[in-house]
Amino acid sequence: MSSQRFTVSKSEGEGEQSAPDIQGEVNQLFEGDEPATSSAKDGAEPAAAGAEVIVVLKGESNPKESSPFINSSDATAEKSQQYDGKHMALFEEEMDTSPMVSSLLSSLANYSNLPQGSKEHEEAENNEATETRKKPAPQLGTLMGVYLPCIQNIFGVILFLRMTWLVGIGGVIGTFIIVFMCCSTVSMSPLCLVLTDFFCVCVCEAGGSYYMISRSLGPEFGGAVGICFYLGTTFAGAMYILGAIELCHLSPGGSGGSRGRGRLLNNMRVYGTILLTSMATVVFVGVKYVNKLALVFLACVILSIVAVYAGVIKTAIDPPIFPVCLLGNRTLVWKTFDVCAKTLETSNGTITTQLWQMFCDSPYLNATCDKYFAANNVTEIQGIPGITSGIMTENLFSTFYEKDITSFFTLLVGIYFPSVTGIMAGSNRSGDLRDAQKSIPVGTICAITTTTIVYMSSVILFGACIDGVVLRDKFGEGVHGNLVIGTLAWPSPWVIVIGSFFSTCGAGLQSLTGAPRLLQAIAKDGIVPALRIFGHGKANGEPTWSLLLTACICEIGILIASLDAVAPILSMFFLMCYMFVNLACALQTLLRTPNWRPRFKFYHWTLSFLGMSLCLTLMFLCSWYYAIVAMVIAGSIYKYIEFAGAEKEWGDGIRGLSLSAARYALMRLEEGQPHTKNWRPQLLVLVSTDAEQNIEQPRLLSLTNQLKAGKGLTIVGTALEGTYLANHDRAQRAEQALRKLMETEKVKGFCQVTVSSNLRDATSHLLQASGLGGLKHNAVLVSWPCNWKQGDEHQHWRNFIACQRNTAAHLALLVPKNISAYPSNGERFTEGHIDVWWIVHDGGMLMLLPFLLRQHKVWRKCKMRIFTVAQMDDNSIQMKKDLTTFLYHLRIDAMVEVVEMQDSDISAYTYEKTLVMEQRSQMLKKINLTKTEREREVSLPLLCSFSWLKFIPGTQVQMTWTEKCDGEAAKPPGFNVRRMHTALRLNEVVVKKSSEAKLVLLNMPGPPKNRTGDENYMEFLEVLTEGLNRVLLVRGGGREVITIYS
């Protein structure tokens, strides 16, 4: 939301100000005025004396999310039912904009807070499609919409393919710690969401976790994390498909074992692509078919798990005969030999076996054999001794193959974590749920509880039933190329193969169903312009284009053809999503947002912070380089959305955090004045507008950009004349023009428009009311009134001098002359000089401004020259030496030159110039007299001073000396002559030295204390800068702005 502050004051007219001091002028600005007669007749309350009204206008901002409360379409449609004319006459005036509670309650009960992008997309779809066909309402409940998808994603490929291997490598204790740590980490996110009623506080629509994060942390964070979560869900689908192909490879009678592993990668790529195509086709047909198949898949999963538990119970009664051949502590592939022995004793003597021939160069006993084969014995053990065998004690601790235990522990974490990443499967499909606020928390928590119990119990049961050597056999080479968990199941290994295959297929279907909907929700919000095409779909809302992109990305994971390589990739993306879900809960609680009202009163933000810390720790624990890559991807997406994405106002927590940080920073700035080292020009740029509210001096903002380079505070303001109510539209257009020009000139800052009865008061209000607390402007940039000599422009230069007087107390003043000749931001000076004429000390402004300008690419190649003026009594040589030393300490590279000004008599030209100036001043005064004053002037006797000439703008008038009554030549007052003499002499020197300079900076003389000499003051400045192309007049703010200390 963008807002604009307008300062409005009431004034009868422009009174004559006679107080010479600045304080008196400031007091006059707040003098009360008598109420107008018309206002009194209309019954309006008169404005209080000294009152200043701050009005906040809502500018052109982004559309907000729909609301059933005020000014909604529903309220307009039911306008006829809002007022019955009987008992609510007191509120009759409000009925057009505020609905009655009786008509509002029905809207509140069925309130759906769809994001603006989704509404616009749905409206466009409805307009393009047939008018009669409407999008069906979501009908999925807790069981079908949340619980089953979560169960299918969690009970996936890792449980059946890698869990036994994890127990064998990490031991029962180590694997139990990994399972507990991963389950606790992922459980923290939905637990925080349930405890805080996040699904109720933030009405969850399509997009699930993306919707929650984006509405809590803003579109940048939400888009970045949402896309990463989409990529993780997509790669999860690839992992499930690879797992399904590996299950087929390890099925009884399959190609498992060492001889088949060479063809495994290519088989995974070919069969994985075929399976992906089939799954994508099912999803394309409709999500309802996926939900119908979910029951079948879940039945297979439950049957497989029950078969495993039945097999464990059977081992306690009748352990299966399952021999495993070992060479030392390594399993041997049964397919390559028939007897588990090196030699056999027969009646004819000792003979060698097929196993001997595998490791030796001949079948004879004196053959040369492999060293490991010769050094170790071949033994046959019982692979599944049973739960009562006491094998648990041998499997309690880890058995790593390498010395670096830490790296393998982190490897186990990275491989196992994808098995618990299905907790968001239900929230991803929140757009298809009948009641997302109820279904997501209940279904997710139930799914987490179920799967955690199964995983933890399986770790203990596997370690208690199966020998450690068999557990560490990842590809089942020691069990005839079959699944290790399949050998444990009862009644047949095929139960596990079929059940796990359908389980992985079901999980893959859920991923291919949830990922396109997540991408569609991101695209509909319009925060990523490049993804807008993926917001479209079929007439029933199915995300066709998103599904196509998801299938293509999933194919990339299938081409990797390694389940262990894909698992850490998706772990990073999921962990990042869970981390930001916890951050969203913690941030909303810490900020105490008024609309954040969780029902569970005992929730504390430390719970979310703990979950966030665990997620971040696991990211680097699994794979530090993958974690860095994932963060770089998320950061790049964040900056892209920030740069090119659509601005959204969702009331997110980041905005609240920014407000809290801004308030804290402003309070800190109030503690004292900034040190000289930290001083930089905080500019208030005053611009004027024409009748069409177009900016008349656009190059002022170019100069602002070159001075600031995006740093510090910049406020661009303009003043409008009239009453606020009558000029509201003008103020809006002026504010939009300012903002548009600031965007064009790449000026980062704020804009402000004030409306008052006259421009002088409006400008004064701008100078006084702009900024907030310690974040206020310290310098004013205003353009020189170019046509001030024209008769109809006299009010402009009067306002200009009034602005100078208002800034004289504590603000620096920068006045560029010939602003239209200043370079734009696209121009480049390849050579030239920036000349500084340092006549009086101004706190160092003249030194600092050229340095800042030379930081910009426009002025970068210009060299800096500093001129100072020496009087007759000054030692010019010593002045140059001191100035050079001073610049050396300031670390400013500049050439130094001291200009000596010799005393000279005042020339006749100076007298003539001064006389012309004063005659013109008198004529301007005479023109501005009222009728009564003019008649009084005529009745007064004429004094013999000057012969008045009628001033006609645009005509040349020959000014000549006049005679006094006694015949002597009349001369102007001495102080004006001296000032004119100084201006002419300085101009002569400056033009001589700096006529070819790209920019000339000069000390700006202060305005006269006697207001009757304002016209002469403008003439002095005009003479001082005559003949120069670009001039920047500078007056300091009364404090040092540059120092030799860093």
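Glycine residues also receive a Cβ, built from the backbone N, Cα and C atoms like all the rest.
Residues or ranges marked as region 'Disordered' in TrEMBL: 1-81 (among others).
Residues or ranges marked as compositional bias 'Polar residues' in TrEMBL: 1-10 (among others).
The compositional bias 'Polar residues' annotation in TrEMBL covers 64-81 (among others).
Feature annotation from TrEMBL assigns region 'Disordered' to 113-135 (among others).
Sequence annotations record features per position, and here TrEMBL assigns compositional bias 'Basic and acidic residues' to 118-134.
Positions annotated as transmembrane segment by TrEMBL: 140-159 (among others).
For 146-313 (among others), the entry in TrEMBL reads domain 'Amino acid permease/ SLC12A'.
Sequence annotations record features per position, and here TrEMBL assigns transmembrane segment to 165-184 (among others). Remote same-chain residues near the transmembrane segment (165-184) are listed as 392, 395-401, 408-409, 412-413, 415-417, 419-420, 448, 451-452, 455-456, 459-460, 462-464, 468-474, 484, 614, 618 (criterion: CB distance under 8 Å, separation of at least six residues from the stretch ends).
Here TrEMBL flags 191-212 (among others) as transmembrane segment.
Residues annotated as transmembrane segment in TrEMBL: 224-247 (among others). Note on the transmembrane segment (224-247): residues 153, 156-158, 160-161, 207, 209-210, 213-214, 217, 264, 267-268, 271-272, 275-276, 279, 418, 421-422, 424, 428, 483, 497, 500-501, 504-505, 507-508, 511-512, 514-515, 518-519, 521-522, 528, 550, 553-558, 560-563, 566-567, 569-574, 576-577, 580, 630, 633-635, 637-638, 641 of its chain, located 6 or more positions outside it, place their CB under 8 angstroms from a CB of the stretch.
Counting residues 6+ beyond its ends, the transmembrane segment (268-287) has Cβ neighbours under 8 Å at 237-238, 241-242, 244-246, 248-249, 293, 429, 432, 505, 508-509, 512-513, 516, 540, 542, 544, 547, 550-551, 554-555, 558-559, 561 in the same chain. Residues or ranges marked as transmembrane segment in TrEMBL: 268-287 (among others).
As annotated by TrEMBL, transmembrane segment applies to 293-312 (among others). Counting only same-chain residues 6+ beyond the ends of the transmembrane segment (293-312), those with a CB under 8 A from a CB of the stretch are 144, 148-149, 151-152, 155, 160, 282, 387, 454, 458, 461, 464-465, 485, 488-491, 495-496, 498-503, 505-506, 509-510.
TrEMBL lists 393-684 (among others) with the feature domain 'Amino acid permease/ SLC12A'.
Per TrEMBL, transmembrane segment is recorded for 408-427 (among others). Beyond the ends of the transmembrane segment (408-427), by six or more residues, the same chain brings 145-147, 149-154, 156-159, 162-163, 166, 169-170, 174-175, 178-179, 181-183, 186-187, 189-190, 204, 208-209, 212, 229, 232, 236, 239, 398, 400-402, 433, 436, 439-440, 443-444, 447-448, 451, 455, 507, 510-511, 514, 564, 567-568, 570-571, 574-575, 577, 618, 621-623 to within a C-beta distance below 8 angstroms of the stretch.
Per TrEMBL, the feature transmembrane segment maps to 439-466 (among others). Same-chain residues lying 6 or more positions outside the transmembrane segment (439-466) and placing a CB less than 8 Å from one of its CB atoms are 140-143, 145-147, 150-151, 154-155, 159, 163-164, 167, 171-172, 175-176, 179-180, 183, 186-187, 190-191, 193-194, 199, 204, 208, 305, 308-309, 311-312, 315, 383-387, 391-392, 395-396, 419-420, 422-424, 426-427, 430, 433, 484-485, 488.
Summarising the annotation, TrEMBL assigns transmembrane segment to 545-563 (among others).
Distant neighbours of the transmembrane segment (602-627): 181-182, 184-185, 188-189, 191-192, 195-196, 410, 413-414, 417, 568-569, 571-572, 575-576, 578-579, 582-583, 585-586, 589-590; these residues of the same chain sit at least 6 beyond its ends, with a Cβ under 8 Å from one of its Cβ atoms.
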